[in-house]
Ligand SMILES: Nc1nc2c(ncn2[C@@H]2O[C@H](COP(=O)(O)O[C@H]3[C@@H](O)[C@H](n4cnc5c(=O)[nH]c(N)nc54)O[C@@H]3COP(=O)(O)O)[C@@H](O)[C@H]2O)c(=O)[nH]1
């Protein structure tokens, strides 16, 4: 198929004939008219010479218009002129005996494929009118139509018309067939991407267990059934003891292997109606539906602990691992997933504090844990006043040439006693207390300021990327904070990128949609952070006018060893590109991963391979 046809199909999404194809048809028409005209010259038919000449002129004008891409004029003109010429020839010559009558169905087929419905109906009505007119002329004796005996001349005219019609229809039908095949292929690819994303939206790629969104649904269903049966539902929050040590000492691959092994053991423990899911990191959830008694629940807990305690081999080392488990129960601890999860989490912390390898049922006294959080909140407030926060910066590079194209600002707390504290240790408390709003304003201001300083020192224009918390979107005036940061520092809005997480977009209330639209109007860019871990959905990417997807490092880091993750990353990159979004792979730690991602067409990369997050001065020194 020629390039023009392909291009037109892509632009319009459905078949539209190419300029080249229409030019071919106009050329063919000229040739046929010249043949008919030539025959008329030979036989001395003056009217046929005139009609053929007019036809050739119309075909040339039509061809000229087609070349200038004025097909909306050219097509009706050609169809109309041909209709008139054929009709005049029929009225004057053999009426309904004329071979020219063959042109009518050909013209109708061409009009049906190429012209608007109005032109098609106009032609049909005119043709019916002509048939009626010829009949009327004959009945009134104004002209006697006689069929001319068959001969080579008549055969030439009829055959030329048949060939013209057949070739034009064959070419158009062929194009249509190719366009249909292309469309089917694109739909197939899109459906495949959507199917992968739908699966991804409900499953944890590492363990293949249901993820949090699916388990939330199952807890809701179990509670509804328990309401009717009068039974209990238990939510178990399980956390692997000392996982970080295993992960850090044996490496991520061994860590992943351990998580998969634990997932498979947990699946063996539960009954058909129960569910196991991975909450993230080394945390799992188990829902025990239709529990009759606390004793029945305790029996399951003992089975879990026994099975998990079976030795396992990781990198030729035999290990024994254990779990800390927190339990909350419907109906006494709550009647919705959120409340049960929070209480099971609190109970799990108690099990950890009790020395690990233990389980605890939630009790109200456990809320004492909340005091610890309050202490942290107090410390965070002071940290803001004492200016103990600072930003570290991690470069994001172009995968094709390694150029730094953006930099992510990451918050750190220079604690007077504990030294440098990472955000994982305090962001949650900052969010729960609402302090994140004030901290977020500081981060925005500081990041924009730093970028302006770097530009003054000669850093080329690169994006500065800032993480946002859901709390900042719902409390506080995020739009004003962004506006203030840009105005006070003088940073160009197009150089600021805001990183949102999928869960922030999930509850796409009218207010969030409007807020993101206003942020886009300011000129800032939007990226979805940790993409793939949440509720991956095509529709919100389009609705929120996102510019970039940052593929979560859990997929990236195992992309070489894990075929399923490779397929997911491939699907994300293809889908992002079909929506004209850029992709950044997070957590690239080795050259082989970088090369594979570059080969898959990933636009940008971030990770320890290029640089860890570093202070502002170190970042500038690295870039120089
Ligand atoms: N609301 C806000 N959240 C913030 C802010 N600053 C940080 N954060 C969030 O805290 C999470 C942890 O961040 P951090 O400890 O800074 O970790 C970042 C990188 O160090 C880490 N990373 C980067 N490359 C690699 C790698 O190759 N391997 C590896 N194991 N880790 C790597 O990833 C973190 C950056 O992740 P992301 O934000 O998803 O791009 C984190 O969720 C932050 O978002 C803040 O100001 N506000």
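Positions of Cβ are set from backbone N, Cα and C atoms, glycine also.
Of the listed segments 1-19, 96-114, TrEMBL assigns transmembrane segment to 96-114. The transmembrane segment (49-66) shares more Cβ pairs under 8 Å with 25-43 than with any other stretch in the list 25-43, 73-90, 96-114, 119-139. The predicted model assigns the domain 'EAL' (373-624) a mean pLDDT of 91. Across 25-43, 73-90, 151-173, stretch 151-173 shows the highest tally of CB pairs under 8 A with the transmembrane segment (96-114).
Taking every listed stretch (25-43, 73-90, 151-173) in turn, the largest tally of C-beta pairs under 8 A with the transmembrane segment (119-139) is reached by 73-90. Here the transmembrane segment (151-173) has Cβ contacts under 8 Å with residues 17, 21, 24-25, 28-29, 32, 35-36, 39, 43, 99-100, 102-103, 105-106, 109-110, 113-114 of the same chain, all six or more residues outside its ends. With a cut-off of 8 Å between Cβ atoms, the residues of this chain six or more beyond the transmembrane segment (25-43) that come close are 49, 52-53, 55-56, 59-60, 62-63, 66, 74, 78, 82, 110, 153, 156-157, 160-161, 163-164, 167-168, 171-172.
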